[in-house]
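K.L.:
OK, Swiss-Prot features for this one:
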- 1-20: signal peptide (SIGNAL)
- 21-538: topological domain 'Extracellular' (TOPO_DOM)
- Asn189: N-linked glycosylation site (CARBOHYD)
- Asn257: N-linked glycosylation site (CARBOHYD)
- Cys265-Cys277: disulfide bond (DISULFID)
- Asn284: N-linked glycosylation site (CARBOHYD)
- Asn297: N-linked glycosylation site (CARBOHYD)
- Asn324: N-linked glycosylation site (CARBOHYD)
- Asn334: N-linked glycosylation site (CARBOHYD)
- Cys341-Cys391: disulfide bond (DISULFID)
- Cys343-Cys359: disulfide bond (DISULFID)
- Cys400-Cys409: disulfide bond (DISULFID)
- Asn420: N-linked glycosylation site (CARBOHYD)
- Cys439-Cys453: disulfide bond (DISULFID)
- Asn443: N-linked glycosylation site (CARBOHYD)
- Asn477: N-linked glycosylation site (CARBOHYD)
- Cys481-Cys488: disulfide bond (DISULFID)
- Cys515-Cys529: disulfide bond (DISULFID)
- 539-559: transmembrane segment (TRANSMEM)
- 583-735: domain 'SEFIR' (DOMAIN)
- 777-791: compositional bias 'Gly residues' (COMPBIAS)
Amino acid sequence: MPVPWFLLSLALGRSPVVLSLERLVGPQDATHCSPVSLEPWGDEERLRVQFLAQQSLSLAPVTAATARTALSGLSGADGRREERGRGKSWVCLSLGGSGNTEPQKKGLSCRLWDSDILCLPGDIVPAPGPVLAPTHLQTELVLRCQKETDCDLCLRVAVHLAVHGHWEEPEDEEKFGGAADSGVEEPRNASLQAQVVLSFQAYPTARCVLLEVQVPAALVQFGQSVGSVVYDCFEAALGSEVRIWSYTQPRYEKELNHTQQLPDCRGLEVWNSIPSCWALPWLNVSADGDNVHLVLNVSEEQHFGLSLYWNQVQGPPKPRWHKNLTGPQIITLNHTDLVPCLCIQVWPLEPDSVRTNICPFREDPRAHQNLWQAARLQLLTLQSWLLDAPCSLPAEAALCWRAPGGDPCQPLVPPLSWENVTVDKVLEFPLLKGHPNLCVQVNSSEKLQLQECLWADSLGPLKDDVLLLETRGPQDNRSLCALEPSGCTSLPSKASTRAARLGEYLLQDLQSGQCLQLWDDDLGALWACPMDKYIHKRWALVWLACLLFAAALSLILLLKKDHAKGWLRLLKQDVRSGAAARGRAALLLYSADDSGFERLVGALASALCQLPLRVAVDLWSRRELSAQGPVAWFHAQRRQTLQEGGVVVLLFSPGAVALCSEWLQDGVSGPGAHGPHDAFRASLSCVLPDFLQGRAPGSYVGACFDRLLHPDAVPALFRTVPVFTLPSQLPDFLGALQQPRAPRSGRLQERAEQVSRALQPALDSYFHPPGTPAPGRGVGPGAGPGAGDGT
């Protein structure tokens, strides 16, 4: 039996938060006023306002944007000129029916126009004097019913009004505009009038209605509320988003606006009064071990649609699964598919049917765990990266430094800072150079969730470098410390750490330019200084001690001739086992077709380094390559590799095949076609003689990637040595890289699977990149099947 996890009704079941709505009978729109108590101030003719108790409207307050004041005019018989046209203010409201006008002595009065109007707000103009203006909006959900069980959802809107501006006695009649009138009105007998418009939009409905309001000028105090106008009501669809604007015409200020998401059937206590809610399916969610069941309890004849999608905070939803179904159904999901933003939409397959949505996994711990397991960091360029995840994540990221040896990655905060991360948004690193020891840490709720060393694939494995932190103070003062697992050690220092012992040498390396600057700003800098040469010096002393010991041992053996042959035999076996443990040397040559292919080559080289192989590739020797030149660098590497009994790996790509064909036809390639780091181009001058003179077998091996190049596209001259396709022929490829006389290891298949797993993310990123396809894919002679589309 499935263990009940939680039960959710999308339509027919009660929700913990349900609304019991007031019912309105009849199809006509209506409006009424809710005035405040307005009384004159005796002889001074000043104004005061006393607020009456609010009517029982149960209106939810709405925070308004900046209001637009309504233009008001003066009317009456107090001897002053009445300004018509300009003395009116408009507010866009959906008001229906024919309202009633209350006498001025009672305070605020209102009337609703009989028909909708066109909403033409116009530009903002200065107010000529005191005006009635809307100050804020309130909304309430009600039901408009034709019968007891035939109702529609409706939105009641209340607009609160106040007097804005100041009453000034005009010096002449031009201040109020227009020609003189025969009758001049006094301010105490005048009235402020306004025309208020409500604009309502809810796809596919849009309405605009006009409301006339009026209040005696002698009964109001400027800046105080004069009451509110309530409009019944705007019909809207269940679950829709509505927008309401309120402004005056002419406009004197910005309009009020409000956006509201209406509930669907499961949020209403009166769903049985709304016909569109009757046909919705009943959905239960339950768990059974590692599976989650969506149980839809509907009749056998009913047709409905079911859709699963990722709800995005920014941007449209991402559909995951959609199907039209009939009758009762049980949909099974694996628990690994659950993420917090996974939502379910269900609807009957009928015209204009209500679609109900629910996101039941927002608070599920397993869903949050799956979300972080699915999240990935992607390096786009040297300084840009993004976080790829199904849902939005509250996260922050920082750079950290990871030293070899398994020590924790140390955050570089300070001098750098934590940055907020947005999913699928490109972020920039404040770096000058990349380094394989630099990693990215992503935290959420102060807990480490994700850590990746993004530069490891392109720049090689971790290096035994030390990171120096330079801090700059006033008056050009600066201090240096070395980042170590125990903390940042000041240089120079008398501490017993490795960086402290080599502090003077590190400072000399920094001054001589042997350290790589990774980051720089006004407050400090980060430097990566190599430690290889100091390790070599230490090992040189160890080897010297070993040689002295071997010499002494040889002398003893000579003195004991009977045992000399046995000792020599054991010594020979030790030397051979040491060479085998050290691994065979492999020189990897490739054509730098594009940056994506270089990252793919870097991933292959890094994976081979995990085996008993010593891999040399120009990606990891850019400094020596620039100093020596590509021709000299390749000749030195080739000579050293072949002298040690190693192997040269020719990694063929469309660009490499084109270069080889060019050399075979012309004997030389055009200058300037590639950059100074193209070791493959430089190697052709001595690789071709090895093949032409038959010296290549046993010393050279060819390889190409399955979906990028077919082996038949490799020139026939180079097929005199084995050419393997990767990763499909990885076991044979690794077997060819072993020592010639080394026995075939039973772990060869296991190592091939290890290399394949390490290589797969780089292959996926190259053949299925985020956004746009990677350049150079499937271009060139002999591109294999599917090379263009990555299938």
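Including glycine, each Cβ sits where the backbone N, Cα and C put it.
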K.L.:
Reduce the DSSP letter at Cys277 (disulfide bond) to three states and note it down.
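P.N.:
It is helical.
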K.L.:
Are there any residues at least 6 positions away along the chain from Cys481 (disulfide bond) with a Cβ closer than 8 Å to its Cβ? List them or say none.
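P.N.:
Same-chain residues close to Cys481 (disulfide bond) (Cβ under 8 Å, separated by 6 or more) are Leu468, Leu469, Thr471, Cys488, Thr489, Ser490, Leu491.
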K.L.:
Sequence gap of 6 or more, Cβ distance under 8 Å: name the residues on the same chain that satisfy this around Cys453 (disulfide bond), in order along the sequence.
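P.N.:
Set apart from Cys453 (disulfide bond) by at least 6 residues yet with Cβ under 8 Å, we have Arg402, Pro436, Asn437, Leu438, Cys439, Val440, Leu462.
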K.L.:
Spatially, which candidate from the recorded positions Asn334, Cys409, Asn477, Cys515 is nearest to Asn420 (N-linked glycosylation site), comparing Cα atoms?
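P.N.:
Of the recorded positions Asn334, Cys409, Asn477, Cys515, Cys409 has its Cα closest to that of Asn420 (N-linked glycosylation site).
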K.L.:
Which has the fewest other CB atoms in a 10 Å radius around its CB: Cys265, Cys277, Cys488, Cys515, the listed disulfide-bonded residues?
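P.N.:
Among the disulfide-bonded residues Cys265, Cys277, Cys488, Cys515, the lowest count of other Cβ atoms within 10 Å belongs to Cys488.
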K.L.:
DSSP three-state call for Asn257 (N-linked glycosylation site): helix, strand or coil?
P.N.:
strand
K.L.:
For a quick check of packing: other C-beta atoms within 10 Å of the C-beta of Asn324 (N-linked glycosylation site), how many?
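P.N.:
Its Cβ shell of radius 10 Å holds 10 other Cβ atoms.
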K.L.:
Around the C-beta of Asn334 (N-linked glycosylation site), how many further C-beta atoms are within 10 angstroms, looking at every protein chain?
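P.N.:
Counting Cβ neighbours of Asn334 (N-linked glycosylation site) within 10 Å gives 10.
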K.L.:
Secondary structure at Cys265 (disulfide bond) (DSSP, helix/strand/coil)?
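P.N.:
DSSP call for Cys265 (disulfide bond): helix.
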K.L.:
Can you check how the pLDDT averages out over the topological domain 'Extracellular' (21-538)?
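P.N.:
Looking only at the topological domain 'Extracellular' (21-538), pLDDT averages out to 74.
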K.L.:
Going by C-alpha distance, which of the recorded positions Cys265, Asn324, Cys400, Asn477, Cys529 is nearest to Cys359 (disulfide bond)?
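P.N.:
It is Cys265, whose Cα lies nearest.
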K.L.:
Translate the DSSP assignment of Cys481 (disulfide bond) into the three-state scheme.
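P.N.:
In three-state terms, Cys481 (disulfide bond) counts as strand.
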K.L.:
Once the chains shown are all counted, how many other Cβ atoms turn up within 10 Å of the Cβ of Asn477 (N-linked glycosylation site)?
P.N.:
8
K.L.:
Given the glycosylation sites Asn257, Asn284, Asn420, Asn443, which one's Cβ is surrounded by the fewest other Cβ atoms within 10 Å?
P.N.:
Asn420
K.L.:
Of the recorded positions Asn257, Cys265, Cys341, Cys409, which sits closest to Cys515 (disulfide bond) by Cα distance?
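P.N.:
It is Cys409, whose Cα lies nearest.
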K.L.:
Among Asn257, Asn324, Cys409, Asn443, these being the recorded positions, pick the one whose CA is nearest to that of Cys391 (disulfide bond).
P.N.:
Asn443
